[in-house]
């Protein structure tokens, strides 16, 4: 049955009732209207202030519960946090009480000429999914910066999503955390998969890879429909759970190919890391002339290699004496530049530092052997 009680107490228009002839009627009408406008403004401010306090209190209550949960997991003292939470819950009761009072006050407030024709809807709302964000139009540097900020702020939630096993859990989590639905999450999961494979955690990599493909399917669906990816979360998980054989096969094939790409990329990065390490080691062992002692040693004739391996100076002198002078000077200079042999202090005063076969033969204290590991 329709409730007509609100229509009984409508305030009439300011200029509809009769006034005494001696009263300035226009002024009275203006006073009445002004008083009603001020009354409505006060009521509006009261609602706005209450809403602000309610939102602020909900935020504090949520933070208090999160802190209490974290303290419980870490085994910390929860007495102060529990006390603060109880106080906030008491405040919540007062806020709910105030909300009921405001509702009652609104209900008993009579309609008037300014409110009776107030539209029931201020805007038309169509159930249309929002358009996709155009982040791909951003410069590379800007996208990279946003990615780093996103990961720094949401890494804990990203890892939590990556560890889910059931479709329903993933769906509920993404719907509760819609800010995670996007390219940044997919990119983070790809990098995480590569790192897990490099660490030898292949089983965990395969699990996270499944979550990554789910996110990529959501993004692809959003791209096809040209809508915001957040609007496709429910649609994807519903479809994958009741998928026909063709759709499920396509999903599994994509997942299998993705894991192979991850393994290949992880192997490449390991090889790159090994090469970088070898290059750093090579640079660290370069001699005073900028030559690598390992490379120089490998380039020596076998008879000179034997001299260096045994660190036999007399044998070195004998071997050099048998070699053509130009060849002997060439090899000895490379040995000095690579640090295989270090000239003595007296040799350092010789000028050009190239020396000769006679120099090597005359004084064996001109050179000191350096290491035998070459």
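Every residue, even glycine, has its Cβ placed from backbone N, Cα and C.
Unlike curated entries, TrEMBL annotations are predicted automatically.
As stated in TrEMBL, the feature coiled coil covers range 256-283 out of the listed 256-283, 284-311, 312-339.
Between the stretches 205-238, 341-374, TrEMBL puts its region 'Disordered' entry on 341-374. If one looks beyond the coiled coil (256-283) by at least 6 residues along the same chain, the residues whose Cβ comes under 8 Å of a Cβ in the stretch are 190, 193-194, 197-198, 205-206, 209, 212-213, 292, 294.
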